[in-house]
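If you check Swiss-Prot, you get these features:
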BINDING   29, 31, 56, 77, 107, 126  S-adenosyl-L-methionine binding site
């Protein structure tokens, strides 16, 4: 039996029935267009074998479409009113599908593996605009079991996530997300499919985790790569030689490390790919001892099973 999806009128009536008003502080804008949620689910390529982690399910539009695909769904909702209502809404629109749904009232930025009994294989979500990037990076780090990501974010954020090195939109999020996998855009979404209507367009982004990571995935290695990315984009128009001078100890030392990594010291940080950042760290570890935070333990760069996030 096909699940009955939510429409615009029903979304409003449902909100009114529980005396709910969307909160800007939670970035609450709910999709009410059935074609849009079907498009998101189709682009995610999930099936009955998947366990989907959904962030911010809200009133349940996307949740219903995910369940309609036959997948298990764990929906993480920060708003207790919406978290309490969601199982009732799902039960009213389907039959046994509610048995494949778990709802957790949690803050996604502090959500961790111990909050779940079964690890997710996919992340599909309409991410709140105000926490989209930190939430995405946190979940990719915390749940290496997630192989596929399909998220709807603010159009500007989507452009940044999918931007290539050297482009005007390329920045910290672009580089960091590629530490985990390949990124691509899946088009735009009009503000008119939301309630309340946001002032900006949204964009769909898909991330496919590398089948075999090209580099170590332990938390300490990731932290040091991310620190290099932050340094490079703190003053993105500087040459790499000057941008990394403080990190390396001097301009000359910076140039030596860059050359050891086959990077032209005159290149700007905004042109460096994730491969460049990783290679710079790895070559620097051979060339000299890489500075680490005082709290960091001895590097274990080969521990690819470590799963504690350090963002």
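Heads up, the Cβ atoms here are built off N, Cα and C, so glycines get one too.
Shown here: features listed in Swiss-Prot, placed on the structure.
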residue: 29; record: S-adenosyl-L-methionine binding site; Cβ contacts under 8 Å, 6 or more apart: 22, 126, 129, 194, 195, 196, 197, 198
residue: 31; record: S-adenosyl-L-methionine binding site; Cβ contacts under 8 Å, 6 or more apart: 37, 61, 62, 126, 152, 193, 194
residue: 56; record: S-adenosyl-L-methionine binding site; Cβ contacts under 8 Å, 6 or more apart: 26, 27, 28, 76, 77, 78, 108, 125, 126, 127, 128
residue: 107; record: S-adenosyl-L-methionine binding site; Cβ contacts under 8 Å, 6 or more apart: 78
| message | Test of understanding: give the count of other CB atoms lying within 10 angstroms of the CB of residue 77 (S-adenosyl-L-methionine binding site). | response | 25
| task | Report the largest Cα to Cα distance, in Å and rounded to a whole number, among the residues 29, 31, 56, 77, 107, 126 that the record lists as binding S-adenosyl-L-methionine. | result | 21
| said: I'd like the Cβ neighbour count for residue 126 (S-adenosyl-L-methionine binding site), meaning other Cβ atoms within 10 Å of its Cβ, all protein chains included. | reply: 28
| query | Which of the three DSSP states, helix, strand or coil, fits residue 126 (S-adenosyl-L-methionine binding site)? | reply | strand
| query | If H, G and I count as helix, E and B as strand, and all else as coil, what does DSSP give for residue 29 (S-adenosyl-L-methionine binding site)? | reply | coil
